[in-house]
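Visitor: Okay, handing you the structure first.
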Amino acid sequence: MLIGYQPPNSSHSQRQNYEVEFEVHDLFFERSPSITVHMSVRNADTNAPRVSWNMGLSLLEGQSRPITWEQLQIVDNDNLNAVRLITLDGLQHGRLTVRGGKGFMFTVSDIKAGVVRYHHDDSDTTKDFIIFRISDGQHQTRHKFPIKVLPKDDSPPFLITNMLLEVSEGQTVLLRGSTLQASDMDSSDDYILFNITRPPAGWRNHESSRTWTHSQFLQKDLFQSIIYYRHLGNEVFDDSFEVVLSDFHDPPNFSESQVVMVYIEPVPDQPPKEAPGSSRCLVIRETDVVHITRQELQFVDEESPDSELTYTVTSPPFYSSSHSSHSSDAGRLFLVDSIPKFHKDPTAPVLRLFTQHAVNFMKVAYMPPILDIGPNPQHIQMILSVTNHLGRTVTGICFNITVMPVDNQPPQVVTHALIVDEGRESPLSSQNLLLSDMDSREEVLQVQLKTGPQHGSLRIGPLPLENGGFFTVKDLKSLKMRYSHDGSETLEDNIEFIATDGTNSITFILKVKVNPINDEVPVVAPGLKPVLSCPEGQEILITTELPLCH
């Protein structure tokens, strides 16, 4: 359904008929006989002027452009020259001029001449509109003309959060988006660049097993939890660094220099340190459980054995996206020995404390959410701390988990009977057939006709739907699906469908209730006696053998 027909942008008093001829060519350039398509354009039932073409207006921020006939076209059955367009509402971020002067009323000729211009006020807005009253002196209508404003990247980013960063002496701490965050009015916040013009005493960027000093980073790096501040362990307890923010415009827009303050709390001894190669990330299918090994989590302490390095789950697993529509269950850590079989078990006790020794011997595992996570990968985090035998603790250890979806659930179908009058037609919409799937996107859901109706037919637009044919949720929402009753004296009908997401399927029946219409004349039953004999002055019983109508 990608090819349409646009009628002429003119008004006629009678129905207009048009023809177009097509030829079909195959891959070998063989041509088919000519195919003629007939099109009939009905005349309008009103004499009021109306809009036949409205493409809206697109322009850059601060720019002015004319409203031309290619964007707004008016037709009128009476007299197009008498039509006037009057501004009633809108123009919240701009103004109209007619022939260079301020104007609120103009004609169709002004549009065709290109003398009606919209001037944007150069504000940081992306859309505007105009409400027109279109009148020919006797009849009038209202119409909304949309305006799309393309933003101009002309302002630098700015800090919206700049909190004091607190860190223990010799500690490595995560620099979070809640501590340092910037915004840009006219470009994506993810690609705001932090340029370090004066570095701190210690600065590191962690990504998987790689560690290096950085002079710049993106804001999305802060939200992906890969930027760390590391104190070098010297006797300096006040630190700071300066950053200049920039965007990716050419040339970039630079902010003024900003200072980020760091407070270092002195400690008597060094806490545990993260071992090189510890990734602190995990990728798992939603139907599996997986061990946490030294490749994912390992801290070392020269003065403490692994059995005395204790991890504490300070923040249980949670969805890192604030827009997640899932429940609070983001999975759990558990001891492998606490369940009889190594698979998802909702009765497994939640693990809050464990040692590095248990990690080394694969006694600690992660279980994804019990319920289905839906069609998209889910990003989960948990925050840990690790303590040695002296009580020295490393806090804010962020562990990232990506749970991949598994399509193992069939679509869910809720049906409501389709009601149609005898011999009539009714659209089949999402009110009659509601499809959903916990682990599939709506666009992949399809419905196949398994057994068609016995007393009617189905169509998708102008095409009949035969057994084995498919339609989508989009077809239901756009009301392309229609059921036509065959006019027989029936009160109900059944249609059998198969809903599928491409992997799983379910069969269901949609019931059709037919409202009967009194359109049959009474008839005399066959085989009855044509004469009723009764003696004078007496009475006789009328039975079913005498003429009756039904």
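Glycine too: its Cβ is placed from the backbone N, Cα and C atoms.
Just lifted these from TrEMBL, have a look:
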REPEAT    48-135  repeat 'CSPG'
REPEAT    156-246  repeat 'CSPG'
REPEAT    271-387  repeat 'CSPG'
REPEAT    409-500  repeat 'CSPG'
Visitor: Considering only Cβ pairs within less than 8 angstroms, which of the stretches 48-135, 156-246, 271-387 has the most against the repeat 'CSPG' (409-500)?
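Guide: Comparing 48-135, 156-246, 271-387: 271-387 has the most Cβ pairs near the repeat 'CSPG' (409-500).
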Visitor: What are the DSSP helix/strand/coil residue counts across the repeat 'CSPG' (409-500)?
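Guide: Per DSSP, the residues of the repeat 'CSPG' (409-500) fall into 8 helix, 45 strand, 39 coil.
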Visitor: Give me the DSSP three-state residue breakdown of the repeat 'CSPG' (271-387), ordered helix, strand, coil.
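Guide: Tallied per class, the repeat 'CSPG' (271-387) gives 11 helix, 42 strand, 64 coil.
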Visitor: Of the residues in the repeat 'CSPG' (48-135), how many are helix, strand and coil by DSSP?
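Guide: Counting residues by DSSP class gives 9 helix, 47 strand, 32 coil.
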Visitor: Mind tallying the repeat 'CSPG' (156-246) by DSSP state, helix then strand then coil?
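Guide: Counts, helix then strand then coil: 8 helix, 45 strand, 38 coil.
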